[in-house]
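Some notes on the structure that comes next.
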Amino acid sequence: MNRNLTILNFLSVILVIIVNYYSQTIQINSNTIGSLSNEYENLFTPAGYAFGIWGLIFLSLLVYVFFQINRAFFSEKDSDFISKAGPWFIIANVANAAWVVVWLFEYTGISVILMFVILFSLLKIVLNTNMERWDALLKIIVFTWWPICLYAGWITVATIANISAYLSKIGWDGWIFNKTQWTIIMVLVAGIINILMVYKRNMREFAAVAVWALFAIYIRHQDGNLAIAYAAFGSAFIVLISIAYHGFLNRKTNPFHKLVNGNEELPEG
């Protein structure tokens with residue numbers, strides 16, 4: 001069972017990397033993800049450099065599946081984290097690849113649905129594996145937890161941006177709020193979500209992605225819409241402080257602390 005899941009997990013990562021690569025190098029429907037995103041008046045979209053984090057995410061996903069391959073095929077050590085994750089990693093990656101195609105063909109409403117599928121799937125992995133809630137060995141944390149944290153953290157921000165793009169496309173008037181005010185609300189919501197993830201789930205790496213994204217929103221608006229810029233900077237700063245403070249409070253359970261102090265002997269549940 002674990003071996004079959006591992007093979008499918010590996011193939012799903014290759015699929016999502018290939019689809020994303022070709023979407024950037026060969027225009028599909030005369031669009032790229034970035035060019036189409038720029039067509040929408042979406043003030044929540046961060047500065048373009050922020051999307052470079054996909055390179056780190058894809059690299060971490062490769063590390064994730066190669067670690068699974070090693071455990072499933074070449075090791076007798078416990079690899080129940082593969083079965084606990086179930087098919088959700090595959091579903092997330094297939095939905096990710098489908099999102100790219102749907103987005104480029106400008107089915108923005110469907111793209112929002114697919115984004116929620118990706119997010120839901122990744123959160124199911126977090127819950128099913130009880131991620132970041134128990135003492136695991138360093139290699140489990142680095143090779144299985146962190147890749148999912150990075151992936152889920154970025155998808156959380158991307159989901160908010162995707163919803164914002166859809167509302168912009170359909171000409172939503174924002175009710176009693178203007179576009180700047182709605183963007184500030186979304187920035188604050190993103191900040192609150194990530195602070196909760198730090199203190200309720202111990203997922204500091206998840207929240208670190210939000211700091212990256214929120215600071216990139218600040219960079220985009222620093223010479224234009226200062227209200228959004230200051231809100232984004234403030235949210236990024238508060239999330240960063242929350243990460244640092246939580247890390248300090250839990251410093252004795254930090255995997256690197258245990259490694260340095262020779263206390264890396266906990267079982268791999």
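For all residues, glycine too, the Cβ spot is worked out from N, Cα and C.
Annotation comment: TrEMBL describes 7-23 (among others) as transmembrane segment. Among residues of the same chain six or more beyond the transmembrane segment (7-23), those with a C-beta under 8 A of the stretch's C-beta atoms are 32-33, 54, 58, 61-62, 64-66, 68-69, 82, 87, 89-90, 92-94, 96-97, 100-101, 104.
Residues or ranges marked as transmembrane segment in TrEMBL: 43-67 (among others). Residues 6, 9-10, 13, 16-17, 20, 34, 37, 93, 139, 143-144, 146-148, 150-151, 154, 157, 160-161, 164-165, 179-180, 183, 186-187, 209, 212-214, 216-217, 219-221, 225, 228 of the same chain lie 6 or more positions beyond the ends of the transmembrane segment (43-67) yet place their CB under 8 Å from a CB of it.
If you look up TrEMBL, you'll see 88-105 (among others) marked as transmembrane segment.
As annotated by TrEMBL, transmembrane segment applies to 111-128 (among others).
Summarising the annotation, TrEMBL assigns transmembrane segment to 140-161 (among others).
The feature transmembrane segment is assigned by TrEMBL to 181-199 (among others).
Outside the transmembrane segment (206-221) by six or more residues, the chain places 43-47, 49-50, 53, 149-150, 152-154, 156-157, 187, 190-191, 193-195, 197-198, 228-230, 232-233, 235-236, 239-240, 242-243 with a CB less than 8 A from a CB of the stretch. The transmembrane segment annotation in TrEMBL covers 206-221 (among others).
Only residues 6 or more beyond the boundaries of the transmembrane segment (227-248), in the same chain, are considered here, and those with a CB under 8 A from a CB of the stretch are 43, 180, 183-184, 187-188, 190-191, 194-195, 198-199, 202, 204, 207-208, 210-211, 214-215, 217-218, 220-221, 254. Among the features that TrEMBL reports, transmembrane segment is placed at 227-248 (among others).
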Across 88-105, 140-161, 181-199, the most C-beta pairs under 8 Å with the transmembrane segment (111-128) come from 88-105
